[in-house]
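What TrEMBL records for this protein:
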type     : residues : note
REGION   : 1-25     : region 'Disordered'
TRANSMEM : 95-114   : transmembrane segment
DOMAIN   : 97-269   : domain 'Amino acid permease/ SLC12A'
TRANSMEM : 126-153  : transmembrane segment
TRANSMEM : 173-201  : transmembrane segment
TRANSMEM : 224-243  : transmembrane segment
TRANSMEM : 250-269  : transmembrane segment
TRANSMEM : 387-409  : transmembrane segment
DOMAIN   : 388-659  : domain 'Amino acid permease/ SLC12A'
TRANSMEM : 421-445  : transmembrane segment
TRANSMEM : 465-482  : transmembrane segment
TRANSMEM : 520-538  : transmembrane segment
TRANSMEM : 544-565  : transmembrane segment
TRANSMEM : 577-594  : transmembrane segment
DOMAIN   : 673-790  : domain 'SLC12A transporter C-terminal'
DOMAIN   : 807-1049 : domain 'SLC12A transporter C-terminal'
Amino acid sequence: PRSTVPPGASTDWEGRAPPTEPPLSAAQCPLMQQGQLPISLPLVLQEEMDTRPKVSSLLNRMANYTNLTQGAREHEEAENIAEGKKKPTKMGTFMGVYLPCLQNIFGVILFLRLTWVVGTAGVLQAFAIVLICCCCTLLTAISMSAIATNGVVPAGGSYFMISRALGPEFGGAVGLCFYLGTTFAAAMYILGAIEIFLIYITPEAAIFRSTDVLKESAAMLNNMRVYGSAFLVLMVLVVFVGVRYVNKFASLFLACVIVSILAIYAGAIKSSFAPPHFPVCMLGNRTLSGRQIDICAKTQELGNFTVPTQLWGLFCNSSKQLNATCDEYFAHNNVTSIQGIPGLASGIITENLWSSYLQKGEIIEKPSAHSVDVLGAMSQEYVLADITTSFTLLVGIFFPSVTGIMAGSNRSGDLKDAQKSIPIGTILAILTTSFVCILPGLVWWEGFGDAVHRNLVVGTLSWPSPWVIVFGSFFSTCGAGLQSLTGAPRLLCPPAVPLCPRAGCIPVFGHSKANGEPTWALLLTAGIAELGILIASLDLVAPILSMFFLMCYLFVNLACALQTLLRTPNWRPRFRYYHWALSFVGMSICLALMFVSSWYYAIVAMVIAGMIYKYIEYQGSEKEWGDGIRGLSLSAARFALLRLEEGPPHTKNWRPQLLVLLKLDEDLHVKHPRLLTFASQLKAGKGLTIVGSVMVGNFLENYAEVLAAEQTIKHLMEAERVKGFCQLVVAAKVREGISHLIQSCGLGGMKHNTVVMGWPNAWRQSEDARAWKTFISTVRVTTAARLALLVAKNVAFYPGNAEPFLEGNIDVWWIVHDGGMLMLLPFLLKQHKVWRKCNIRIFTVAQLEDNSIQMKKDLATFLYHLRIEAEVEVVEMHDSDISAYTYERTLMMEQRSQMLRHMRLSKTERDREAQLVKDRNSMLRLTSIGSDEDEETETYQEKVQMTWTKDKYMAARGQKARTLEGMQDLLNMKPDQSNVRRMHTAVKLNEVIVNKSHEAKLVLLNMPGPPRNPAGDENYMEFLEVLTEGLERVLLVRGGGSEVITIYS
């Protein structure tokens, strides 16, 4: 029949309408009363809801995410909240990014040095300097925009972006560079403000004066130091009292910058048609200082008389006579007055195309002016170059004028939409400032105001008055200095931009006063800024902060390029206009600018960044941020593993890659930690080390115990300084777990080639045969895998890493050739401080038909070619009669083996043993290497009932009779002759070894292979025991079947 469900109604999977019964109430459902059955959650996912958040709660937390604000703004907000004021609103692109970047980029260098840079370098090279620096910041801004739009960027600015992209080590190093750059920027702004104040506003305020031109610069430096220190103290007090006042005046300082820039634009347009009156006095082609010149002429007309001017007296030995003897250059050249700013229509740009670099003390000349080529005397009235100039120097001086591009990203916590505002605002600010920096190319030189009566050239160019630029630049530099002193201390104190990922790395900088101002960090910042002020030269401080900002920009570009090339899944920037090639070019420009401007400052900056990197790496980071360096490591590891997979390693590159098999007790503690100590001494931090162990049980049930055991082993590895990996396997039997470890550990070419394990101590006294059976099984698996095997006997007596031997020998008993393992191992051990002072002695055994003398010579020659220093000795072993001791020892061995075999044949004993094993292992049995469940001792799933019936009694009585007969046979048995011969060889060889090596610190000898017939396993253990009796420390070595040492280079 056709369905009668109305349209839009809900149906079940068969298309039927749901029942019309009312839903259960909480009173009708006990689970609802207990809160165990949320009505709104799907029952299918009830268990998932207990451990994972609902989609609605997740989206709600993301929508309400708030960024932590950084810098002074959070203190202002805290005070406003305390006063009951409304919390300030977030800023947009224009106010939050564009204008702050504009204020930081338009600084003291633009007003005081850009015209000088253009006049010295020429229009072409000045354009190249501006273009290179602006390209550097533009490419950095593109990389920064990509990083800033790849997820939410809370407070922290460059530190946050770089630390999340390159790791806390790089982030801390860049954070320190950014801090030092900001601190020296404060010093540079203060020096710029003092220079404006003393030269262009009130020159009478100078404390130190000098009439000698050559000493005047030194006096000016002292004035800069005194006034700069006073300004610094005043600014620190302002910041200390309350940074909210700094923020209040920030708008005023920004207005000064904007007004100054507009005045320069207006003046540039006006000068194209009506150049300002800007006379410069010239003698020939040499520039004259205007300090002591009243009239720019040699003579002047007073009435009907021609009288000398003040300039005449300066060059004619203060004589007022027209026939006086004057300077030769003065006599042959005319004095002229030229227009300093001729305007665009004058064609001055063509004349200013080429550079005019000078040495310190040289006269500034105008090449196009007419001049008679005579030497003349060096007069104090010429305008002299006060610094040796070059292209590289100008780059370092100009670059701070384009810094400040991170002002917007540092305010990311105050922005409405940081991912939208940072790219747009930063790039627009860079384009604006780059365009502005091109305009002063119209000016051809400027010599600190000496040639133009100490007038600011940019001020003369401005409209309507030069004082607009003078006071605007003064207040803007003061404001920039205050902003730097406000922001720099917060780069040292957590949580905004901590220098170290651990909060307690530099705890002193976390101390602050009540309003949160970092007092100690502010004092440190003031001290470092004072060092910059004591330099007292703006031209010398600028390259210093250029280094630190360039270092910061370099790492920003590196972070973007690295993330792009690695193509990590989380790299999804909203800003699409980036490319790894652009970031790489930006990084290259930063690195080139560092060494071009000042190579020694670049080296110092790199050393500082490297030191802080190693410091944070040594302290260790508490968090894993998924940075790009980890991704780079994974890519490099993948590449290296694929390269290693191409073929087996050459003999020259062979070194033991260890798989150390450890044994855990029931409390998850390592039974023999000295085995790991020995592995660390053998490896000395080189190559691969895998520490493995086996837990008996079920992985699903024992996962927590596995994690606990892994942590225990990792802590022990850290304590023993073992660089390697930990691998735990859960298996039903220890024997199977060891086999799995040997087969599957490692990856690709990074696999182990040597297995290290301990000797099963007291295996004779143990009633459980699983210990030595597991040991032999491991030997067989290792041999089948063609791996080398190292068995440490009496490992508890091995030395620790803090117990170096001051003397002693490492004795090597080379019985059969094993690929050179016995030669290589003592050499590797001697690389460690514990064994370094031990001597190597190599013993080999000569048979009756061997020439022992020739063997010794050949062995010495072989060691010489191997470059191994060792003593050589050949031991002769002749055939001798089998002693009664050997016969008796063999007989006892076989009797013991036969007796244990009879005992295991008793079913009653086996059942009781099986029940005992099952009861003892009802909980998780944490055994490892050296114990296993043998096939003969399988535990039953059902409990064995020891109920005696008549049949069982008669069967047990017959079994007992057979056991007694077997015991009677033991008394009459004779040992097997092959076993007697093996025992004879082991006893004789042990006598020789003990005789020669009883005082050796370590004895290495060949380990015989296990018998092919498993029936002789117990005898094999006995032979090894006899072979190593009487020796304190023994290392049994079995090669993997390949050569591991060579005489060739």
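Cβ atoms are placed via backbone N, Cα and C, with glycine included.
Just so you know, TrEMBL annotations never went through curation; they're auto-generated.
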Listed stretch, out of 126-153, 224-243, 250-269, 544-565, 577-594, that has the most CB pairs under 8 angstroms to the transmembrane segment (387-409):
126-153
Helix, strand, coil residue numbers for the domain 'SLC12A transporter C-terminal' (673-790) per DSSP?
54 helix, 25 strand, 39 coil
Could you tell me whether the transmembrane segment (126-153) and the transmembrane segment (465-482) have 3+ CB pairs under 8 A, leaving out pairs under 6 positions apart?
no
With a Cβ cut-off under 8 Å, give me the same-chain residues at least six positions beyond the ends of the transmembrane segment (577-594) that come close to it.
132-133, 135-136, 139-140, 142-143, 145-146, 395, 399, 546-547, 550-551, 553-554, 557-558, 560-561, 564-565, 601-602, 605
Express the predicted model's confidence over the domain 'SLC12A transporter C-terminal' (673-790) as a mean pLDDT, rounded to an integer.
86
